[in-house]
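Report on the structure given below.
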Amino acid sequence: MNLELLESFGQNYPEEADGTLDCISMALTCTFNRWGTLLAVGCNDGRIVIWDFLTRGIAKIISAHIHPVCSLCWSRDGHKLVSASTDNIVSQWDVLSGDCDQRFRFPSPILKVQYHPRDQNKVLVCPMKSAPVMLTLSDSKHVVLPVDDDSDLNVVASFDRRGEYIYTGNAKGKILVLKTDSQDLVASFRVTTGTSNTTAIKSIEFARKGSCFLINTADRIIRVYDGREILTCGRDGEPEPMQKLQDLVNRTPWKKCCFSGDGEYIVAGSARQHALYIWEKSIGNLVKILHGTRGELLLDVAWHPVRPIIASISSGVVSIWAQNQVENWSAFAPDFKELDENVEYEERESEFDIEDEDKSEPEQTGADAAEDEEVDVTSVDPIAAFCSSDEELEDSKALLYLPIAPEVEDPEENPYGPPPDAVPSSLMDEGASSEKKRQSSADGSQPPKKKPKTTNIELQGVPNDEVHPLLGVKGDGKSKKKQAGRPKGSKGKEKDSPFKPKLYKGDRGLPLEGSTKGKVQAELSQSLAAGGAISELL
């Protein structure tokens, strides 16, 4: 697909719903890879579903966690995926094989995970009621980032666009800018409302292009800043936001905010309903409101990196928002000018003459001179939309798509070989011996997959009884986690996992698992003893 031909001449934001993506289980979070070709969706049963966004089909399913997936992030080259679940586990996955490379166990719930934009060996983790932690995957070490006050409980953090700095924000409205390599403080400022009142920082998001970033605060205002101005002001600066975005009518609180792929628009999802508000960053005016199904709550929003497409999650389903495709059946003249009606073409006297005797010899300029130039059809130029401003070439090892092979139930070993009768007896004996060797090797236990290394991360002064916000309030933590985890069969009220073998009783379709299994077996034995007839047993 040629992205240059997709350049829209009008508005560059979605206008209407363009279908849904059903992940079978309930979706909680989603994120695009760097090129927008793959969409990773974290589900309620711990699985990660990777969608091929061009075909809108499932390319891979990774059984990642036991508990719900709460945060996802792609590596820069697209080969790795880091995930966090509500049981305080952070894992790194190989996208092609689906294997887990590393696993980290934290003492408190994880609110966000993020790869370093340029170094996929570093991962930023935001634990609940703790300072942010930067993991180094190669040696499994971690560094706790400094905070403004030791009593800071809820601290959010994010890498800037190139990963040179880490921006952190606390519940008192204080923003710290730390150097990524040394964790030194280079700038700081406080977000205030009006005079001196402070407001809590809920999230920090950076644009893919440019130096702008936005801050979502508890006072229901989205503030847009220029990162260069923040660094210029230094410590305890007082920078003014470029824009302040809010819903003045309904005073809507914002669940998730992000920039468009080109950084010219900002989308914010309402925390009250399934509604997306889109603003133009340069002017600050509201250009579009996208309304989903009434009564649904929004969970996550992601904007496509290079196209005007938005993916939002509500009620466990991924909704896609795109532009309205208008078909054009107009007629075009040979010079590609659009015609409103059929026009009879009047040719010039000498237009189709091979040689014009009366024409003088002009100098070749413009299009005539370009006809004599050689056209390079072998070299491939990098696509500007996929390259950063400080890069010249694309990543040749990037993972854009997942290969899919057809599943054959009974493959023939040699469909194009000679028939069995034509094989000599000596070759048949050798084949039989090799077949025995193959069977013996198959009967033996296959080498198990390498178990991922699990590292326990110890954080000082962090309570161990915290419950993730996705699971509800603190208290009955066990029951909450059990309900939110991978579904288990219980009297047919909950869905069964499609990857679990099932045994059904008669036409009622009750899965024989756990305590229900014993109950159904007791009923069966009683009915057999009483001489009852069973119509069907699967």
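Using the three backbone atoms N, Cα and C, a Cβ is placed for every residue, glycine included.
Between the listed ranges 11-20, 191-200, 231-240, 371-380, Swiss-Prot ties the annotation region 'Interaction with WDR5' to 371-380. With a cut-off of 8 Å on Cβ pairs spaced 6 or more residues apart, the repeat 'WD 1' (22-63) and the repeat 'WD 6' (293-331) reach 3 or more such pairs and are scored as touching. Cβ atoms under 8 Å from those of the repeat 'WD 2' (64-103) belong to residues 28-35, 38, 40-48, 50, 109-115, 117-118, 120, 123, 125, 127, 135, 137, 140, 395, 397-400, 402, 449-450, 452-455, 468, 470-471, 481, 484-486 of the same chain, restricted to positions at least 6 beyond its ends. Averaged over the repeat 'WD 1' (22-63), the predicted model reaches a pLDDT of 94. Long-range neighbours of Lys129 (SUMO2 cross-link) (same chain, six or more residues apart, CB within less than 8 Å of its CB): Ser108, Leu153, Asn154, Val462, Pro463, Glu466.
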